[in-house]
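One structure is given here, and the rest of the page talks about it.
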Amino acid sequence: MAQDQLIEKIVSLAKRRGFVFPGSEIYGGIGGIYDLGPLGVELANNIKAVWWKNIVYSRDNVVGLDSSILMNSSVWHASGHVEGFVDPLIECKKCHKRFRKDVYERLYEAKKRLFKKASAGGGNPVLTGEEMEVLLCKDGVHRPQDFTGPRLFNLMFKTHIGPVEDESSETFLRPETAQGIFVNFGNVVDTMRVKLPFGIAQIGKGFRNEITIGNFLFRVREFEMMELEYFTRPAQAEKDFEYWQKERMDWWLSLGLKKENLRFREHKEDERAHYAARSVDVEYNWPFMEWGELEGIANRTDYDLKQHSKESGKDLSYFDEETKEKIIPYVIEPSAGVGRAMLALIIDAYHEDGNRVILKLKPELAPYKVAVFPLLANKPELVKLARSIYEDLKKKFPTVWDDRGNIGKRYYAQDEIGTPFCITVDFQSLEDQTVTIRDRDSMKQNRIKIKDRVTSLKKLLS
Ligand code: ATP
């Protein structure tokens, strides 16, 4: 299947089956904003729960936090975001569309050969949606000379606190959750008796007024991030960086992403964010752009804590009991987007078998763990027994009921949303108190005793 066809199918499945809806759709939508539907919120919650379990619950030295989205604007001045959280923006002098310089260059370079061929009479180049948006002008193709020189554009959304809209009330929607962690560093050290090295983890919304949006959930303007700030002694930072690189790659693999679709990419010096001494991305091989960031791992050094100490006048140093010295720790930050995780997981899980679509999500990520059906909806004795099994299972697992259409269609409908198991109550069930349990991936059906339903499912789900 062609790669652009694959992404079209995924966008359509996401809408049709209630994973992702365009934001404010009935008013024509809003650029770069999506809503999670009933199944999307389950998938996102499962991803976040697995992350939290891995990062916080399975470690002795990581604690959680949930800081606010709105912060004192001094935070964003001190952190360098007001000055430095910028992208170079270029504008076409003819059609006045604006793009991120690096996005234009990436797409232009990739398509240059095709354009050369096309202008020499070699037919029309096939462009993806993002390429069409960026490369095509109203009367031809954007060439580098069509653009103004780059201007720096700050990606933070401005807002005001309180009724008066002047400079003193101005602040920003956070573009990363990390600053909430840095400003609470002292509070966590004082209350939790943490010892270096230790981490503070947070999941929350971030907002970026991206210049060029697109590729579905890949680049949006409002998204959730899963961030860990891992504070460590400066001399240990490089080693911890390597440790987290490996941890994070192992985590993505444990979710079921394909090894061949993941790689690391080290940032060049001129690419790094204003606070980073080293950055390595975990990249995924996206069908619409080939390799692109899934998660960023950065060595933010002591930059943020030092800046906040200086600007707030509060001492954010840490007294190291081991060396009896006050130090400002370094911080290693793995930061991943929930939306990009969802998209990569759906892409890798998507399978077609004839006209059957199967989302081979790992059971722990699947929105529903089990579906329960009566074989026939018009046989009250089957419905009654199936209903009692359903009512019981839904107290223990996310469970869905379906009695519409024929049984084959119901199986297919569950395959498409990734439900790993389907339980069917048939006529034999009435006689011997067994039901069939069908496996999504093998399509095999086994009979289990109704009284063993919970233990059997638990075993299968693990
Ligand atoms: P990019 O280079 O793709 O713009 P970034 O380097 O700005 O990404 P980070 O600041 O490292 O991204 O953000 C951490 C994570 O948040 C990213 O790895 C990605 O998963 C997610 N993310 C960042 N920007 C967006 C966005 N506009 N839409 C969706 N997810 C995003």
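Quick reminder: no glycine exception, Cβ is built from N, Cα and C everywhere.
Positions annotated as substrate binding site by TrEMBL: ARG100, GLU176, GLU333, PRO334, SER335, ALA336, GLY337. Of all Cβ atoms in the shown protein chains, 25 besides its own fall within 10 Å of the Cβ of PRO334 (substrate binding site).
Residues annotated as ATP binding site in TrEMBL: 208-210, 218-223, 293-294, 337-340. Note: PHE223 (ATP binding site) has non-local neighbours LYS205, GLY206, ARG208, LEU217, GLY337, VAL338, GLY339, i.e. same-chain residues 6+ apart with C-beta under 8 A of its own C-beta. Secondary structure at PHE223 (ATP binding site), as computed by DSSP, is strand.
As annotated by TrEMBL, domain 'Aminoacyl-transfer RNA synthetases class-II family profile' applies to 8-363.
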**OP:** Specify the nearest of the binding-site residues ARG100, GLU176, GLU333 to ARG219 (ATP binding site), where nearness means the distance between Cα atoms.
**Re:** ARG100
Subject >> Nearest of the binding-site residues (GLU210, ARG221, LEU294) to ALA336 (substrate binding site), judged by Cα-Cα distance >> reply: LEU294
**OP:** Taking a cut-off of under 6 Å between Cβ and any atom of ligand 1, tell me which of the binding-site residues ARG100, GLU333, PRO334, VAL338 pass.
**Re:** none
Subject >> Nearest of the binding-site residues (GLU210, LEU294, ARG340) to GLU333 (substrate binding site), judged by Cα-Cα distance >> reply: LEU294
Subject >> DSSP-derived structure type at ARG340 (ATP binding site), helix or strand or else coil >> reply: helix
Subject >> Cβ neighbour count (within 10 Å, all chains shown) around ALA336 (substrate binding site) >> reply: 24
Subject >> Number of other Cβ atoms within 10 Å of the Cβ of SER335 (substrate binding site) across all protein chains >> reply: 20
